[in-house]
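Undergrad: Please read through the structure below; I'll follow up with questions.
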């Protein structure tokens, strides 16, 4: 296979060194091409055209020797071998011979073989190229000979086929006489008598009614009508009623264009079919086990290579579904821990040698992430039969958790033994019958016996007689599992006869079936306990002293009804009560505001969905075990109120029963004062922030005003007569001012977002149109750099959504602009995919990804690029410019849409920025595609695989069949095969042949006219006059700048079939009217002298004879309107005395019925919705500053010239 690939590449490389070769090959209609390197005459490259000519499958890469053996009889093989040998030895240069080939159906195909010897650069013979052509006219005698050969070939074919297969009969239908002939075997298969005489009707009726009978009828009719042979498997019902599978194949015979008979063979394949079905069932059963097994399954060959794995294996080893190919490239050694490799090799050696049939192991393995996992494996050998190889099946189970539990059990066992033996208390384990099982050192010391002596005694033998049964009831409940443990005081008899007072705590030990097996007891010497009690009393006294010392914290203990039981000094100081007066009598409700208690009870009732009132308001959460810390208002004895932070906890006894409540309150009066101060400070900060926003807005206006003058006058100056160097200077000034304006916009957007003043709106948006407009913005810049621009939107994408179109376009423009800026070679792609939002039924999740093949980003800088005013590094800023705000603003805008920017990048290879936003989808207008009458097959020629895929998906919407090729040479080869196409879409920029060279070859060399094959040319050179001139000369139907959108593509296809009637274009108004001769009265209302002078200058350039009136504010504008005949007003928005909005409102109120004066807003504000505000306030249009001549000229033509 490798040699065939090398020969193919060597053949195509010949076209670069031998330009004449292409013309030599394409001078005639080709039926195929061979190429042979003279160093090895046994290897050939055979192209697809030759395979198709002989009806061999194109998709199968056959060995050339094998194919020639099938298609050339021995005599013809010797003839061609002789020609090649002569070329190799230098006895011949070229040759032209006739060869007889057998096609895949054993038919004879004569072809003319024309060979040409190819020399390398040193003049040495390198190889031979053979082109196959239609043979020249042959004599009648030769025709007779060929017909006889055909007849013999047909008879030989039937003979061969009926003798190769067991249990095969023959049949024939004579269409002239209508007779039907069956051989003996055919009758045996049908289970009829030897004397049975079939006819067409009875023969067909043997086939099972329905599908099989219809199928045989259809195949026979196609053979008679179209000359089509058939070979198929069918079911018949024999004369004895048995349903069996048969194979029937037939061939028609024609004379003078008419079918005179059909003949063929008939085979009983019932047993074979049963075996196939059984094999299929076995394979399906294996597939189900393999796929649905709860265990991982691997299939490994004898070389230890992994052949198959199921999903469980991938899950165990941490491989994603998409990485199955990665798994199959591994060997088991790659996954197994080194500690287990030697044993694995030994087991595998025994298995392969047949010493064992299977084995089980538990070993450590590595997951994909490098983490160690434990697996249990069961390995078996499946011995191969015949030519099949031996295979090894391995079942894998992840036992990591089990191993961890085993390890944990060992650790816990060791911990228990250590804790038991070295416990400071005496510990012992006693069987249910009372026999000591385990004893620690301390228990031996407490009782006075050694461990060995105690193990020989029963527990009752060392227990004081009066305490023998004081825990009998507890013990019974413990064994019956009605309690988990119990504690009791017990006296034991020391070995020396003295009584030892102890405290015993007993717990039950059960087996894995929860059956009691023993009890474990902890024994504490009461001597230490008495000491502890004394210490405890002292501790309690100390605690009381501490409570009394906390003079600024109120600590109150109550009983279950809320009556005070303890009242510390802090409570006395804060509340003004005496402890002796309140303990035992005062309800803590007296200390609280009853209204506050009631309101808090209502809140808790709603929260917990049940009525909570009275004292429960304070204790409800504490009873649930929740931490309860709340603000309350305390009332002093003298009636004064103050805020406290109150923490309430439940007091429980040793059995966990609540016996009372403890409330700890801290006076937070000063904290509340601080909070009030903070609120005031916050209000001040917000006021300052508002002032900052107003300052930025004003600064925006103030900075834009001089910038407007610079940009506007520069635009005017560039339209005058300037020298080349002056034009260069002015372009620099103009571009620099626009860059400064863009930077200002970035800073202002960033400021708005930071201040939380920027909001996202939602309107009906056409996503396809928005993306097309965005691509248009950057397309020219990308094409100037020679970059391919791809717009990849699946045809079925919902296009109408609820979105903020302005901000979405801003984000996409920024990301695409960055892609162009940082890409020098390759392509840029905007791709959109959509899927349902599982959380919101009416919304879809749209993923936008902007991919480039640019410089990429270093991993260490991936986070840095999202920081404000930062780029990847200082060199990036120096080389590419910019504020570094673009990505920050885009990301912050996406945060407002509940999304964020993600980036994947490899340094030197390119980057992909993506984000996912959920949009509510609108009712989708049906995408109307004109039903194509004739365009059903399209040839797409483009070296960019992504572009080919996009075009294929677009055309598939209208079920248009596409053939995709990557270059002009492949396109020529496809067309030379005679494949008919209704349309060709050809890219201009391609290797070998560019688009125009390819089209020139089709038109001139192959004589394919524009009527036969309409062509759409895709290119990146929108202003290239050469392309448009050549397209016209070569009868190219349309030339389109990439990327092409689906609507536009189908519009062009529709125009190919039904060209739109030619409409005579009328001249634009500005061309049909001499603006220099028109006189109008125009009012300019502007408070800034520079902007006013700029507007006047532009108007005078457009309308030299216009009379211009000036107003410094809105009040003056209204006054001039009242006394002058004004035709049009250019109105600034921000002016002293009276704003532009107020002046417009006043003018509208003064207009008479039927009158309407055009008023056009002039503003430096770039606030979203500003145009809508202008229209709502009575203005007719909106021009943003900087004002340039073209925009003002368009407004004058629209509102003055056109309407007048």
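Placement of Cβ uses the backbone N, Cα and C atoms for every residue, glycine included.
The following feature annotations were taken from TrEMBL:
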DOMAIN    230-281  domain 'PAC'
DOMAIN    282-355  domain 'PAS'
DOMAIN    359-411  domain 'PAC'
DOMAIN    412-482  domain 'PAS'
DOMAIN    486-538  domain 'PAC'
DOMAIN    539-584  domain 'PAS'
DOMAIN    628-680  domain 'PAC'
DOMAIN    698-921  domain 'Histidine kinase'
DOMAIN    937-1057  domain 'Response regulatory'
MOD_RES   987  4-aspartylphosphate
DOMAIN    1081-1200  domain 'Response regulatory'
MOD_RES   1132  4-aspartylphosphate
Undergrad: Just to confirm: which same-chain residues, 6+ apart in sequence, have a Cβ under 8 Å from the Cβ of residue 987 (4-aspartylphosphate)?
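TA: 941, 942, 943, 944, 947, 995, 1017, 1018, 1019, 1042 - these are the non-local Cβ neighbours of residue 987 (4-aspartylphosphate), listed in sequence order.
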Undergrad: Looking only at the domain 'Response regulatory' (937-1057), report the model's average pLDDT.
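TA: Averaging the confidence scores along the domain 'Response regulatory' (937-1057) gives 88.
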Undergrad: With Cβ-Cβ distance below 8 Å and at least 6 positions apart along the chain, what are the contacts of residue 1132 (4-aspartylphosphate)? List them in sequence order.
TA: 1085, 1086, 1087, 1088, 1091, 1140, 1161, 1162, 1163
Undergrad: Determine, from DSSP, whether residue 1132 (4-aspartylphosphate) sits in helix, strand or coil.
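TA: It is in a strand.
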Undergrad: Using DSSP and three states only, what is residue 987 (4-aspartylphosphate)?
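TA: For residue 987 (4-aspartylphosphate) - judged by DSSP and reduced to three states - the answer is strand.
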